[in-house]
Amino acid sequence: MTTDATHLSRSALLFLARRPGLEDAAMRLRPFRRLASRFIAGETLEEAVDAVKTLSARGLMASFDHLNEAVQTPEETREEVRQYQRLLARIDTVGVRANVSMKLTQCGLLFDEALALENARTVVAEAAARDSFVRIDMEDSSVTQVTLDIVRQLRAEFGEPHVGAVLQSALRRTEQDAKALCAQRIRTRLCKGAYLEKPDVAFPDKRDVDASFVRTMRVLLDSGVYHGIATHDERMIEATLDHAAKRGLPRGAFEFQMLYGIRGDLQERLVREGHPVRIYVPYGRHWYPYFMRRLAERPANLAFLLRNLVRG
């Protein structure tokens, strides 16, 4: 697939990911569900726990993410809070090396910022009581600033070990955001980003996204704070390892993070080499938007899906 065709298909898939009316129809298609199962650990908490047990046996850590970006009422947000409280309790019971990731839209950010802060505070308080950690996921650029503001407030209330942020190297602002977060000792996950953005806020060229990733990675690793470098790109991994070696950083000064169902060979190689690796483990019934973003990242997956849809 040409570069232009790849960009076009990615843009189309990211657009479709934001069309909730397509979700029910798509999720009824057997080939669609079959391919999605490669990237989604299940629709229930117990299915996700079983998946994490398997990862743990391979020496991998995990971060659970309950998928539900479509909450529309205060009661739905409170159910998300209860879901995360149950999840944190279950992690304690199972005894796996895992934490949780959560989007502020699940907490009501799109219709009530105060409610979103209140709900996020409840979840982080639960994590702190259990000596665990909540990663506040980053979403599209329309909520970047308010998300970082809420993370800073929660960090001030609960301390470094219990809440952290996410930055996307696709956004033009990210390197400066990284410097600010490091100054406040906020643990940060760096990823490339998987949202459809306008060129005035995000780099349209992959080479610029990669260059931003490397610059931001260096800012994070130089800070002395424990961060997560989230990538499946072996060039980015080698750049990270090279910079860590130049700085004399020991293994365990940071962790690599990867997505469930992608590059298991690379995950295991890094573990064998002694690097901490954490897998982002999504689960839940509302997996359509997440899955569409994964398709957009990997054109080969789209080709596989289309072949299977034709076959039925």
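Positions of Cβ are set from backbone N, Cα and C atoms, glycine also.
Of all Cβ atoms in the shown protein chains, 23 besides its own fall within 10 Å of the Cβ of Lys103 (substrate binding site). Among the features that TrEMBL reports, substrate binding site is placed at Lys103, Arg293, Arg294.
A 10 Å cutoff on Cβ-Cβ distances gives Lys192 (FAD binding site) a total of 20 other Cβ atoms nearby, all chains included. Per TrEMBL, the feature FAD binding site maps to Met138, Gln168, Lys192, Gly193, Ala194, Lys206, Thr231, His232.
As annotated by TrEMBL, domain 'Proline dehydrogenase' applies to 50-305.
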Over the residue list Met138, Gln168, Lys192, Gly193, Ala194, Lys206, Thr231, His232, recorded for FAD, what is the maximum interresidue Cα distance in Å?
19
In the structure shown, which of the binding-site residues Gln168, Thr231 has the fewest Cβ neighbours within 10 Å?
Thr231
Looking only at Lys206, Arg293, which of these binding-site residues has the biggest number of Cβ atoms within 10 Å around its Cβ?
Arg293
Cβ-Cβ neighbours of His232 (FAD binding site) (radius 10 Å):
17
Do you know the mean pLDDT across the domain 'Proline dehydrogenase' (50-305)?
95
